[in-house]
Amino acid sequence: MKQLKFIYDIYEWYISRNLKPENLPKHIAIIMDGNRRYTKIMGNMEVIDGHKKGVSTLEKVMDWSIELGIEIITVYAFSTENFKRPPKEVEGLMKLFQKNFEDVAKNPKIHKNEVRIKAVGNLNLLPEYVREAIRTAEESTAHYHKKHVNFAIGYDGRMEIIDAIKKISKEVKENKLDINEINEDIVNRNLYTAGLDDPNLIIRTSGEERLSGFLLWQSSYSELYFCDSLWPELRKVDFLRALRSYQERERRFGI
Ligand code: FPP
């Protein structure tokens, strides 16, 4: 076991040393997939414990990102589809969100690194106690601008676009906006992610290769990286390999 750790340490060092700090993605978005499959391979484990293990992976990813100088992380914490899961799992997740948003507000690492927390999604779909915990986390970090961690929660990319269309149509109907003035900028300003940069890199774990409604508008020019590791098992080498792959690709924006 010790020998394996030694090999991974060397591998981490090897990849890190070849990464160009000036060409790291500014914004990484992550689809944290595979928590339930992890509980299955672990045998006698409750589904909620897989999600709790997922929270520790997220903490590690936040540490690695701060260490590497990544400015923005956006994670897919809960889609609108996820509401269709068994009520016991949904309730367990809601309690986990409440606890973690409350903890974030008190976490010294968040304040030391000036990390601003934001939730993006249709928050009206969430129970009031989760919304309250989100408010606490957002308000206690609202004055920070160095780093950003965004949680897509109660989120669906198509619903986000529909909501944006409704808001824009209302402005047109009320003669506050001319239809010919509608452009990318206006759409951006009406999305849940208004004011946030588009992701440069999107990582999905667990071997699934699709976006599942995550940041549909915002991902037009994002590099996509899929890895086989289940989210609770993600290692630093997997994260570094995603960054290496990002740097190896030529970024041409269709030109
Ligand atoms: C996907 O795995 C994971 C989720 C639906 C929940 C992710 C949430 C967390 C890790 C909690 C983080 C949140 C905060 C606020 C700290 P899955 O359940 O779809 O697994 P499967 O693909 O194996 O079924």
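Placement of Cβ uses the backbone N, Cα and C atoms for every residue, glycine included.
Feature list (source: TrEMBL):
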type     : residues                                                                                             : note
ACT_SITE : Asp33                                                                                                : active site
ACT_SITE : Asn82                                                                                                : active site, proton acceptor
BINDING  : Asp33, Glu223                                                                                        : Mg(2+) binding site
BINDING  : Gly34, Asn35, Arg36, Arg37, His51, Ser79, Thr80, Glu81, Phe83, Arg85, Arg204, Arg210, Leu211, Ser212 : substrate binding site
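Here the features listed in TrEMBL are painted onto the structure.
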| residue | record | Cβ contacts under 8 Å, 6 or more apart |
| --- | --- | --- |
| Asp33 | active site | Arg204, Thr205, Ser206, Glu208, Leu230, Trp231 |
| Gly34 | substrate binding site | Thr205, Ser206, Gly207, Ser229, Leu230, Trp231, Pro232, Glu233 |
| Arg36 | substrate binding site | Val47, Gly50 |
| His51 | substrate binding site | Asn35, Gly92, Leu93, Leu96 |
| Thr80 | substrate binding site | Gly121, Asn122, Leu125, Gly154, Tyr155, Asp156, Met159, Gly213 |
| Asn82 | active site, proton acceptor | Val90, Leu93 |
| Phe83 | substrate binding site | Val90, Leu125 |
| Leu211 | substrate binding site | Ile31, Gly157, Ile202, Arg204, Ser219, Leu224 |
Quiz prompt | DSSP-derived class (H/G/I helix, E/B strand, else coil) of Phe83 (substrate binding site) | solution = helix
Practice problem: Identify which of the following binding-site residues, namely Thr80, Phe83, Arg204, Leu211, Glu223, place a Cβ less than 6 Å away from any atom of ligand 1, and list them by sequence position. | Solution: none
Quiz item: On a count of neighbouring CB atoms within 10 A, which of the binding-site residues Arg204, Glu223 is highest?
Solution: Arg204
Quiz item: Largest pairwise Cα distance, Å, within the listed substrate binders Gly34, Asn35, Arg36, Arg37, His51, Ser79, Thr80, Glu81, Phe83, Arg85, Arg204, Arg210, Leu211, Ser212?
Solution: 21
